[in-house]
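Trainee: My structure is below; once you've seen it, I'll send some questions.
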Amino acid sequence: MQQATAPKISFVSLGCPKALVDSERIITRLRAEGYELARKHDGADLVIVNTCGFLDSAKQESLAAIGEAMATNGKVIVTGCMGAEPEQIEAAYPGVLSITGPQQYESVLEAVHRARPALHNPHLDLVPPQGVRLTPRHYAYLKISEGCNNRCSFCIIPKLRGDLVSRPAGDVLREAEKLVAAGVKELLVISQDTSAYGVDVKYAESPWKDRAVRAKFLDLASELGELGAWVRLHYVYPYPHVDEVIGLMADGKVLPYLDIPFQHASPDVLKLMKRPAAQDKTLDRIKRWREQCPDLALRSTFIVGFPGETERDFEFLLEWLDEAEIDRLGAFKYEPVAGAPSNALPDQIADEVKQERWNRLMARQQAISARRLKRKVGTRQQVIIDEIGPTVAKGRSKADAPDIDGAVYLSSRRPLRVGEIVTAKIDRADAYDLHGTVAGF
């Protein structure tokens with residue numbers, strides 16, 4: 001008798017690293033139950049689309065992905081942030097099998113079971129102990145909480161993902177330990193508000209090895225720094241207690257890197273945005289951080305053309321950037337999001353003004369980036385290898401997160417391996433990237 005084949009699932013993951021972690025969790029459960037992953041929609045038994053609903057452009061991308069899955073397969077399960085408001089999906093594609101919001105893993109699995117039951121009962125040893133990941137083997141995203149307590153006027157994340165829910169520190173550390181044991185060299189700590197970690201549970205302790213660890217930003221970062229991997233901190237709001245973690249960076253416990261979404265510098269615009277920690281002494285703090293940890297790299301995102309942003313506000317931002325010298329910057333032109341309070345603000349900015357300001361901001365940042373990278377020429381930097389090319393290898397320094405920051409291009413007389421961390425001599429720099437040779441050869 002011919003043995004039945006395992007059902008195959010095609011998976012599309014859209015949006016931010018938090019959504020990617022959600023996708024990894026769903027896939028890990030499916031693999032544990034005997035489902036296989038298909039590379040293409042046609043030939044798969046089902047397609048799961050994990051959507052993004054943060055911006056209208058992201059919603060359009062999600063709808064396009066659903067449409068492609070419906071056209072090439074026809075059996076589609078939708079989950080993720082856009083699924084929290086299913087009306088638009090239902091109107092465009094009434095034939096989808098199921099629609100669920102973010103973090104609703106059990107509902108997704110139930111929908112899969114209804115549409116295509118597994119062949120046998122789950123056995124957890126069918127998957128590796130670290131689970132199934134969608135990133136390269138040498139780095140992994142480590143999500144420490146869900147949701148957000150902030151109510152920024154341009155954001156609907158709390159509406160989609162709820163208020164802050166922190167994971168117990170012991171659970172986070174056990175996951176991190178498994179990842180490192182499986183060969184992960186870099187842990188990228190993510191959440192909606194990493195520096196607020198533990199506020200919702202009043203920094204409750206949980207067991208970890210032979211001791212109790214508080215669910216607190218500093219405590220967790222300190223423990224992660226003992227696992228022997230690079231630890232990179234993302235989505236950190238500039239609350240006063242962030243100052244405490246700079247010492248860990250100066251001591252080499254965690255990477256000297258902070259991803260802080262400042263969004264703007266003008267006090268008036270920050271007030272309209274309803275940003276937390278919107279204080280006017282941020283420049284002083286950045287100066288103190290760099291005095292304590294000279295190698296500190298700062299990444300941030302900014303919004304230009306926010307309703308009410310005047311030319312004076314924008315010039316303030318440019319002058320602030322000149323003084324702050326942010327190492328890595330992402331900029332977005334303000335885009336109305338359905339359900340966001342900022343839609344009702346007066347003095348909306350014309351699209352051509354948004355574009356003009358975005359161009360000026362990026363030109364200013366390009367000069368800042370080139371200036372800061374030039375200072376690294378002649379120095380030695382640790383570099384983690386991401387790709388091996390025919391003539392050079394592509395990697396990242398401690399100042400570069402994957403996908404969003406710059407790269408280091410290296411020549412080497414010996415073969416290099418993906419995931420290897422090497423010491424490189426920096427020979428030259430351009431606006432966003434470094435070029436060098438592996439030291440010692």
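Quick reminder: no glycine exception, Cβ is built from N, Cα and C everywhere.
What Swiss-Prot records for this protein is below:
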- 7-117: domain 'MTTase N-terminal' (DOMAIN)
- CYS16, CYS52, CYS81: [4Fe-4S] cluster 1 binding site (BINDING)
- 134-371: domain 'Radical SAM core' (DOMAIN)
- CYS148, CYS152, CYS155: [4Fe-4S] cluster 2 binding site (BINDING)
- 374-440: domain 'TRAM' (DOMAIN)
Trainee: Spatially, which candidate from the binding-site residues CYS148, CYS152, CYS155 is nearest to CYS52 ([4Fe-4S] cluster 1 binding site), comparing Cα atoms?
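Mentor: Result: the closest of the binding-site residues to CYS52 ([4Fe-4S] cluster 1 binding site) is CYS155.
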Trainee: Could you round the CA separation between CYS152 ([4Fe-4S] cluster 2 binding site) and CYS81 ([4Fe-4S] cluster 1 binding site) to a whole angstrom and send it over?
Mentor: 17
Trainee: List, in sequence order, the residues of the same chain other than CYS16, CYS52, CYS81 whose Cβ lies within 8 Å of the centroid of the Cβ atoms of the recorded [4Fe-4S] cluster 1 site.
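Mentor: Residues close to the [4Fe-4S] cluster 1 site, other than CYS16, CYS52, CYS81: LEU14, GLY15, LYS18, ALA19, THR51, GLY53, PHE54, ALA58, GLY80, MET82, PRO102, LEU160.
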Trainee: Rank the binding-site residues CYS16, CYS81 by how many other Cβ atoms lie within 10 Å of each Cβ and give me the one with the fewest.
Mentor: CYS16
Trainee: Does anything in the same chain, at least 6 positions from CYS148 ([4Fe-4S] cluster 2 binding site), have a Cβ under 8 Å from its Cβ, and if so what?
Mentor: CYS155, ILE157, PRO158, ARG161, ASP163, LEU164, GLN192, ASP193, ALA196
Trainee: Over all shown protein chains, what is the count of other CB atoms within 10 A of the CB belonging to CYS152 ([4Fe-4S] cluster 2 binding site)?
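Mentor: Counting Cβ neighbours of CYS152 ([4Fe-4S] cluster 2 binding site) within 10 Å gives 20.
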Trainee: For the [4Fe-4S] cluster 2 site given as CYS148, CYS152, CYS155, which other residues of the same chain have their Cβ within 8 Å of the site's Cβ centre?
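Mentor: Sorted by sequence, the hits are ASN150, ARG151, PHE154, ILE156, ILE157, PRO158, GLN192.
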Trainee: Quick one: mean pLDDT on the domain 'MTTase N-terminal' (7-117)?
Mentor: 90
Trainee: Is it possible to get the count of other C-beta atoms within 10 angstroms of the C-beta of CYS52 ([4Fe-4S] cluster 1 binding site)?
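Mentor: There are 22 such Cβ atoms around CYS52 ([4Fe-4S] cluster 1 binding site).
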Trainee: Among all protein chains shown, how many Cβ atoms are found within 10 Å of the Cβ of CYS155 ([4Fe-4S] cluster 2 binding site), not counting that one?
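Mentor: So the Cβ neighbour count for CYS155 ([4Fe-4S] cluster 2 binding site) comes to 22.
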